[in-house]
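Please see the structure below; I have some questions.
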Amino acid sequence: SMASPALLMRVVASAYSVAEKAATIVRNVMSAGDLGIVEKTGANDLQTKADRLVQMSICASLARKFPKVTIIGEEELSTNEVTEELIEDGHCEEILKRTCPAQYTGIKEEELVIWVDPLDGTKEYTEGLLDHVTVLIGIAYEGKAIAGVINQPYYNYEAGAGAVLGRTIWGVLGIGAFGFQLTEAPAGKHIVVTTRSHSSALVNDCISALNPDSVIRVGGAGNKIIQLVEGKASAYVFASPGCKKWDTCAPEAILHAVGGKITDIHGNSFQYNKEVKHMNSAGVLATLRNYDYYASRIPNTVKQSLVP
């Protein structure tokens, strides 16, 4: 008989189904019309009913199956009784059939940290820019992002009636990433994707120094990494401390699984062990290809302003 799948593959397979459930919750909250918006630290830092319900659903569903895994979510929520209808018990069979990379076969539950952003791009969600929104579940081992699931609840939402709404992208280092068509940005074109709602002089100075052919301003870290792997942008640059570990863990795993690279503005890799501080205080630089080209053009003035 076949040995049971390695823990990592079971976690990823469950996270896939949990993310699909999350997408349904996100769409249901939007179609019900009452977003239940709360300002956290200000008008650009919002939380909605979808953020709250999705986080409860993801964390409770994964904790029930994998009780010793550390799960860290963006929202500060009381751990009141989560209603049964928020629990997702399923898994993606397709993922369970994949062979776990040898270096991850012996992982124990207590060695994994899962970083959850229940709704990445909340501000855009509240403004109806629905294609910016993602659900992020990142899986880390020994401080490194090794697997991730990104769901886009509104993928295809402008494609008209009959189009399948939403998609789930998943990846594991050593296996690859799936659920999208890997595409490189046009050769010789420097297209920078950056923040839409968290701009600053520093952010703009950094982009100007790269002398890009064009700049795309969109919400959500998950969304920006998708722009890279689908060839719509050649670099994701954010010279600001606003990004957090739950924003980058899943996208990093997807990007690294297809040979891309993400670091802070200084070139340091991100750490995802459970004790780490949540803020990526030295910004973000990510590319699918040609990382060194962009890294070499980040001005020293920008680096000096962003302390890791």
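Positions of Cβ are set from backbone N, Cα and C atoms, glycine also.
Caution: TrEMBL annotation is automatic and unverified by curators.
The annotation Mg(2+) binding site is assigned in TrEMBL to E74, D117, L119, D120, D247.
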Measure from the Cβ of E74 (Mg(2+) binding site) and count the other Cβ atoms within 10 Å, all protein chains considered.
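Looking across every protein chain shown, the total is 22.
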Tally every other Cβ atom lying within 10 Å of the Cβ atom of D117 (Mg(2+) binding site).
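Looking across every protein chain shown, the total is 31.
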